[in-house]
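Peer 1: Here's the feature list from Swiss-Prot:
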{"type": "BINDING", "residues": "His77, Gly118, His119, Ser120, Gly150, Ala151, Asn178, Tyr285, Glu367", "note": "thiamine diphosphate binding site"}
{"type": "BINDING", "residues": "Asp149, Asn178", "note": "Mg(2+) binding site"}
Amino acid sequence: MTQQYPLLDKINSPADLRRLPRTQLPELCAEIRQFLLTSVSQSSGHLASGLGTVELTVALHYVYHTPEDKLVWDVGHQAYPHKILTGRKQRLHSIRQKDGLHPFPWREESEYDVLSVGHSSTSISAALGMAVAAQRQSLRQKVVSIIGDGAMTAGMAFEAMNHAGDIKPDMLVVLNDNDMSISENVGALNHHFARLLSGRFYTSLREGSKKLLSPLPHIRHFASRAEEHMKGMMAPGTIFEELGFNYIGPIDGHDVDTLVDTLSNMRSLGGPQLLHIVTQKGKGYRPAERDPIGYHGVPKFDPKESSLPEKAPGIPSYSEIFGQWLCDTASNDKSLMAITPAMREGSGMVTFSQQYPQQYFDVAIAEQHSVTYAAGLAISGLKPVVAIYSTFLQRGYDQLIHDVALQNLDVLFAIDRAGIVGADGPTHQGAFDLSYLRCIPNMVVMAPSNEQECLDMLTTGYQYKGPAAVRYPRGAGVGLELRKGKVIDIGKAQTLTEGQNIAFLNFGTLLPEVEAAAAKFNATVVDMRFIKPLDTACLDQLMTTHSVLVTVEENVIAGGAGGAVSEYVAQHKASPQVLTIGLPDEFIKHGSQGEVRAELGLDAAGIERQVNDFIKKS
């Protein structure tokens, strides 16, 4: 590092931070913000969220005695400043890269990362467990959950708060509100009010009054209503108070001095506390302030430019192809209802949301609700399409079984980010969907090998009377000239190459790698297309003409498509040996998609190597 960061250079841990005089904290915040911008612009990563939490992160580590006190970050997009202050600034340039820093807080990486995260809305539940454990073990540690306003749209967050309000452990929830919808409430009066409400005099008076008035419920109720009326004039915290939390705020999340004062007061309070801060996503970098969504996750870019580099024209992504299919289908069918749990941009639905706003529903981070909401639409004669990432559909699994499949409802699941997603790592890999879908009765499960097949399968699933799923990967297809999607026969595979002895059964978009490997063995190649139902007629023929069946999928081997083939062969006491190639029984680390596939033996060379090893052992 250079003289550009004179204060930050001195900080290798929060203990170093706590040795700084308070007067230098604003200067340190400016250095962290500049360091974050410079580092991420050179390496890519999540930017806007971290820019918005610099002052909060500094104040938390300044007031709380980390790592003894526990900071529990939700999701982790906002935790880059936390990594910088906890001894990882020299490696920040490696974040999200193979063998580099993990993209989110990760327990194996640092003692300051007390909860590994990636999915949203988990922090309050985990922090509550830690707070209860601390009380049971008579520990003096404090526990803080830091959660964004987006994550607060998930029911799990309120389930945890409801429980915390009931059992009342000592804990703090910091609500980082960067939507700016209540920015007019942030000012000098509220700074004074926050200090007042978090101070010992007010809280002692408040708790003492409760005890004094407890035998007099009518008077206590009147006093409570009067208190809420006073606070409600300036603080929109009634819902949190009803859940049993003492609510403080909203305060300016970029005023580090006010944050330190307020957090210092709140650290000494007992029971569940909630501090509501207002921040600006992308704070301090004007392009990110103007376009916080665009600067949420960024490629390498020049900070001196006023915009991110334009994406070079090329082969459309599967997400873009899905979005165009939605628009084309909705143009002729007003019954189509598209649903996403807060993944409009990532799922390719921006244009659809603009052209068909009455047929578009962003239900926020509420995967369970999105699935059952789709069930209700289907019951009423509409045709819902749930666009969801593979890793997030896991969160709506019971609803998929109980509310959709059990009732055999017409719901299409467009499952994006299936297989290896790359830089976001183990919390986001779409590794399990084939396994958890194929065991559900009534489901039709499809995996296209290219973008044209994806269009055909979306059309097929949409027309199908019952629940259907199409899973496709992150990234672009192979560059086919696309025609309109057409309905294909359910459960029918396609034989692409006739060979001898060995048959490769491909499930999904690894087909080019499979074909390259199969050519080395003069093998048959079959694009299976359907995981459920399997093309059993095709399997019957292959079992009589080939001695080795090789299944290839970008899903865990356990319970996946290869398992379905192995089960069928075993049930029929057939002679072919079955080699299943897919993801191993482990959580897949971060790195580029190509790097991860090569490391796991899912490129052409790796597939060829695994087949050769299998034949040698046979």
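Quick reminder: no glycine exception, Cβ is built from N, Cα and C everywhere.
On a predicted model such as this, the values are computed, not experimentally measured, just so you know.
In terms of burial and nearby residues, how do these features look in this structure?
Peer 2: Under 8 Å, Cβ to Cβ, and six or more positions away along its own chain, Gly150 (thiamine diphosphate binding site) finds Ser120, Ala342, Ala364, Ile365.
Under the DSSP three-state reduction, Asn178 (thiamine diphosphate binding site) is assigned to coil, being neither helix nor strand.
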Peer 1: Have a look at the binding-site residues (Asp149, Glu367) and report the one with the fewest Cβ neighbours inside 10 Å.
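Peer 2: Candidates: the binding-site residues Asp149, Glu367. Fewest Cβ atoms within 10 Å: Asp149.
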Peer 1: Grab the thiamine diphosphate binding residues from the record (His77, Gly118, His119, Ser120, Gly150, Ala151, Asn178, Tyr285, Glu367) and give me their largest CA-CA distance in Å.
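Peer 2: That value is 33 Å for the farthest Cα pair.
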Peer 1: Highest CB neighbour count within 10 A among the binding-site residues His77, His119?
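Peer 2: For the binding-site residues His77, His119, the Cβ with the most other Cβ atoms within 10 Å is His77.
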Peer 1: Can you see whether DSSP assigns His77 (thiamine diphosphate binding site) to helix, strand or coil?
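Peer 2: SS state of His77 (thiamine diphosphate binding site) = helix.
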Peer 1: Sequence gap of 6 or more, C-beta under 8 Å: which same-chain residues meet both conditions with respect to Asn178 (thiamine diphosphate binding site)?
Peer 2: Ser49, Gly52, Gly148, Asp149, Val278, Thr279, Gln280, Lys281, Pro292
